[in-house]
Amino acid sequence: MTALTKQQSCLAFSYSQFAGLERRISSCKCPSFYSGSFSSSALMNRTQLKRSSILRMALSGSEMMDRDESRETFVFRAVRIAAVVALYWFISITMVFLNNHLLDNKDLDAPLFVTFYQCVVTVALCWLMQLLSKMCPRLIDFPSVRFDVKLSREVLPLSIVFIGMITFNNLCLKHLGVAFYTIGRSLSTVFNVLLSYIILKQTTSFRALACCGIILGGFWLGVDQEGITGSLSWTGIFFGVLASACVSLNAIYTKKVMPALDGNIWKLSYYNNINACVLFLPLILVFGELGQLIKFSRLTDISFWGMMTLGGVFGFAIGYVTGLQIKYTSPLTHNVSGTAKACAQTVIAVVYNSSTKTLLWWTSNMMVLGGSSAYTWVKSLEMKKSPNTVPQDSAKEKLLSGDKENQAV
């Protein structure tokens, strides 16, 4: 029931009480009313006074109810937002460590197969969610998607970029580890500015470029400090740079493909992962991972496949919780939350591995995370000032498509 409806009900109840009071007064046989001690005007004034006081009581009562309701609503919203953000952090951080565990397997050096299997799980979950949404439409909202060869061909260029993005992400994570992963794959924003100018001919403001300069400075400082400790992998840095470029290309191509998919991010995920499942098969053969699988001693181990499936489930879930976080907060808040999550993730990895890092190493992380947050803030201000402001739905789509990289993150 809305506040206006409650107020109207309260007023109606008070007025009915007042009407009953009037009837009792008029039917009262008290001599003072009939002996002329009170004039008719005095009686009317007294009646008006009673009416106004009752109305004031009714209005004050409804205002108190509104205040109580708004207080309860605020508490509920705050708890819901905190729960959604906590869920996003838990799934994202857990997925990073889980993927690092799967990719760091000394007995199975097959990162392409691990990524391929996660795509298979995502497609299976899309089918399952469609089925559940038909059975329980009130509880689960998921679009009905039927495979269309024409749409699959339209999405194919994006799917190639998508394969590069999740593969290079996983390879970067495999060679750099969780602690340095944030630095190794921090150039996505820089590539976004660069490729937007080259492909879309979009210019960037000086303040946004300054933020990119901070990110670049943090990247080079981090590489220098990691090299001093002797744990730097230039192979991991190479894959991290490629992953960053693919993340930017993925965002640009997603913009072009989304209209063909009715702007639905789950349709995009469905077609991207189906195409990826097909394209990964020849890559697995070319890079000799099939032989690695045949030699793998735990190929029939249920616990191994359980961990692989769990990684795919978390890869699918990150898209859902990302959408929830944007829905109940905002795209800007989502980016800030993601930055804070990356910081917490780095700290957890350093503590878990019992590593010792220098002050400059931590400074490089703060420069990267601070520059990324500042860039997001500057772009949000520019979007508000621009007359052609992008609707929030399209902003969600862009963020969600960018967050599909989290299948590897």
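Just so it is clear, glycine is given a Cβ too, placed from its N, Cα and C backbone atoms.
Going by TrEMBL, these are the annotated features:
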COMPBIAS  394-409  compositional bias 'Basic and acidic residues'
DOMAIN    80-351  domain 'Sugar phosphate transporter'
REGION    388-409  region 'Disordered'
TRANSMEM  74-98  transmembrane segment
TRANSMEM  110-133  transmembrane segment
TRANSMEM  154-172  transmembrane segment
TRANSMEM  178-199  transmembrane segment
TRANSMEM  206-223  transmembrane segment
TRANSMEM  235-253  transmembrane segment
TRANSMEM  274-296  transmembrane segment
TRANSMEM  302-323  transmembrane segment
Cβ contacts the transmembrane segment (235-253)/the transmembrane segment (178-199), at least three under 8 Å, sequence gap 6 or more: yes
Highest-contact recorded stretch vs the transmembrane segment (154-172), from 74-98, 110-133, 178-199, 206-223, 302-323, CB pairs under 8 Å: 110-133
Range from 74-98, 110-133, 178-199, 206-223 with the greatest count of C-beta pairs under 8 A to the transmembrane segment (274-296): 110-133
